[in-house]
Structures are given as structure tokens and as C-alpha cells.
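Per TrEMBL, the features are:
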REGION    494-570  region 'Disordered'
TRANSMEM  68-87  transmembrane segment
TRANSMEM  94-112  transmembrane segment
TRANSMEM  156-178  transmembrane segment
TRANSMEM  184-203  transmembrane segment
TRANSMEM  273-293  transmembrane segment
TRANSMEM  305-328  transmembrane segment
TRANSMEM  335-353  transmembrane segment
TRANSMEM  359-381  transmembrane segment
TRANSMEM  393-415  transmembrane segment
TRANSMEM  435-453  transmembrane segment
């Protein structure tokens, strides 16, 4: 009989049921994915360059290449770190709202601006939208439990890719099939972006974030210290101890300590370097490829411009290769550099083709393959970097990698593209970009070759078994059965030790007897270590593979390759059968 007292009634937790909680997070994730989809519906984005070079704006190709587009790299470098910190400090939704408003400002300047300064300001607002993308990618993790991270991340990524694909296809259909002008297309984009700003107003603001707003509910033991500090309490060295002494447990000090500790991991260094240098070259190609297409096919007829189709095809191929990358199963510690080198060499060839071809369809195809090859390595790099890191450290590493990639991209832009630097035409820029990727692939190939040479040297220095210890397969099986029974005999009490009759004396089975019993000598679990390709111990070693204790040297079985006098083959076969049955049991 259960007593019904107030104390017992208070013990009943008043919490929402699992069905209500499940419906709640599903609704939040669905709404966020819908917002992510609608924020990508910008059908005029694929046609911005022909719009600026056309009769609507009438800018020259030199102005667009050397004065307007370089501002995007400079402004992105300036706003990246503040956007990263504000995203966490303001808890995502204000930065998402800022992103939507910046998109609206971009298209207003596109439609109303008339000067180079207006277009440069447009690039500034566009860089804010790029820097604020981290708010969407990290906001979804604050809505659900860690067990659902992988699923909701795939949902949000799929929503973005579907939005980009739909936007590109819609823009291409409106231009090619309906004959819509570039100016009208930009007004349609402005309408969609205004709707996405309204959606951002209703996004739920989370109560915690990764660094600045880590409430009691969000504090996890795994997030209180870096991964390496838990594995090695002494990690961090003098720099870590100095930061702890000066700055205590402040957010900045902890971020710097974790950054210094993470640099000790070889795979992390490799994929971080790939992220820095290859993504810098990738975005330079993406920024200027539309200008190259306009030079290859300088037409004012909007119906013959297929930029939207090329962007849609590259997005679709990128999604397919990203999905396929999840099924690649190789030994990453050995083959990572070779894989990166091969993909980078392919990218170098595709960029070289872009810089020299005079056929627009070859340009489209080369860009689609180039973008797909990059997107193939992105999920691999993401997994290799984040496999053994906490989510705080993972966000920090990705932020630092993106920052350094932006620095590299800005330096190259200033030297190659800016009018204050070399100010090269777009074709010569792509020639230099192909050399850039070629140099990266050579470096990766050299690293892979050094790793292979080191592996071969390590394999050559491994000790080989002595000639007298080499045995035939039949002798190996006979020795296995004898060793197992010898182990069983040692485990018996002394008074119950098994005494063998003279006709069952130990000996070695010849090739014929071993073949006769091959069907009965199935390897048992205990035999796995014996049959593994490990060098057999030499005759001078004080122990053997069968030894299990300090006295095992005296009880080691004699070499099975020698026939003692007076031992019958039939007795040995009976003895082996009993031994194998004991092993099977």
C-alpha cells in the first residue's frame, strides 16, 4: 500500500513529457531550417556581375575586377572576428537579424547605387552577411541536446543547399524562359530577403551559448577544460601556465590555451593547413569566376547567360560529393596527405583550364568540377578536425582557420587583384591561381612521400623471426593445440594433474597427420594471437608465446619439429583431438 502524503506528492516531478519535448525541438528545428532555406532565395545573385557590366550600371570590367571586388576580401577580414564574438555574446538571433538587414542593404545599393563607392559599400554589407553565416550554423546546436547534434546539423545543411540550388534554378528559369531582366530579378530577390528578415524576428533566442553565456544548465564537465588538458594535465607548457596566472579563467585565456594545445595534433595541423590555404584559393576563384565568364562570353543578351545553371549544377555536385565523402573508409593517418595532394592537383588543372579556354561551356564544366572537388574534402576536413574536440574547441579551431584563410586571401587579393598592387586582368589572375594550387599539391605530395618513406623505414627495422623458428602450417596447428592443453594442465591442482600414457607421448605431427586433422583444428579465440603475423621468439629468449607466468620457461613444450623415439602417430592424433575439443568448449 502506497501512502498518499504531501511529501510523497512533492517527489513527483512536474516536467513536460517526452512527446511534448520532442514536438518542441522538432518545431524549432523545422522553423530554423525554413528560415535558412528562405534566406538563400536570391535569384539575382548569380547575375550580379553581368548586371554591373551591362547597360543597367555600365561599369567597366577593370572597375569591377580591380576596384569593386577586392573590397569584399578586405571588409570580410575586418568584420570576421567581431561577428564571431558577437554571435556568441548576443546569442545568435541578433546576428541573424543583422545578416538579413545587410542582405536588404546589399540589394538596395545594387538597385539604387550609381558610383564605384556605392558598389564598394555594397561589398562591405555583403561581407557582413558572409561573416554572420556562423550564427546560423552554430545557432541550431543551442536548441537540442548533444545526442541530436548530428541529425540537426544535416537538416540545417540540407536546407541551405536546397535553398541555394532552388535560388539558382529559379533565377536561370526567370532569365532564360521568362525573359526577365536583371533589374527585375534583383527586385524579386529584394522581396524574398525582406520576407526572410520578418522570419528572423520570430526566431527563439537561446539562453546560453558556447563561451560567453554558459549557464549552469549548459556547463558540462567536458567543456570546462580543453581536450588535451584532460588527457595530459601538464599540457599547455609555460604559455598556458602564464595565461592562467595572469588572466585566470577568463574566456579569452581559455580560448588561447586551447588553441595552443590543439596545435600538437598531426591530423589537426594537416587539415587546418588545408582549410587555410585551399579555402583561400577556392574563394578567390569563386569571387572572380563570374567576371571570367563575362570575358569569355561578353554578351548583353540576358537570355544567353547561364550563370544560374552553372551555380545550380555546382551546388548539386557539391552536395553529392559531400554526401559521398561520408562513405570513404581509408587509413587517414597514412593516406590523408596523398588524398589532399590528388584533389589539389585536380583543382590546379581545372583552374588552368578556366584561365586558357575560350569556350563558355568548358568554363562552366570546369567550375562545376572545381567546386565539387572542394566540397568533397570539406566534410572530411570537418570530421578530422572535430573528431576528438569539444564543441567549444571545435568552434574555436574553425574560427581561427577561417580567420587565417581570410588573411591569406586578403594578401593575395591586394598583390594580384587590387589596383594599388599588380591590378592584373582576370585571366592572368586565374593563371596565378592555377600555379598556387599546383604549388600546394607539390607540397602535399612531398609530405605524403616523406610519410611513406618513414613508414617503409620503420617496417624495415622490425625484427624478423629466426630460421629455426619458422614452421609449416601443419606444425603451427599442432603446436597451437599442444600449447592450449599445456596451459589447461597447469591450471589443474597438482593432485589431479593429467598423466599421459606412453603411447600418448608428445611428439610432432608430420605433414600427413596435420592434413588429416585440418578440418578438426579450427582456430579458437585463444589462437588469434598465435596465428597473427608476429615474429616468433628466438631460442635464447627466456619465455615464449605460450608463456603465461614466471615459471612458464621450465614448462615450455619441446620443439614440435623433432620426433622423440617411441612416439606413435595414432596416439598423437588422439591427443590432438582431445585438445582441440577442449579448446572448442
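Just so you know, glycine gets a Cβ as well, placed from its N, Cα and C.
The transmembrane segment (335-353) shares the most Cβ pairs under 8 Å with 359-381, out of the stretches 68-87, 156-178, 184-203, 273-293, 359-381. Here the transmembrane segment (393-415) touches the transmembrane segment (68-87). Their Cβ atoms form 3 or more pairs under 8 Å, with each pair 6 or more residues apart.
Long-range contacts of the transmembrane segment (68-87) within the same chain: residues 52, 59, 94-95, 116, 119-120, 123-124, 126-128, 130-132, 134-135, 138, 209, 287-288, 291, 399, 402-403, 406-407, 409-410, 413-414, 417-419, each at least 6 residues beyond the stretch ends and with a Cβ under 8 Å from a Cβ of the stretch. Residues 43, 46-47, 49-50, 158, 161, 164-165, 168-173, 175-176, 290, 293, 297, 299, 360, 364, 367-369, 371-380 of the same chain, all 6+ positions outside the transmembrane segment (305-328), place their C-beta atoms under 8 angstroms from a C-beta of that stretch.
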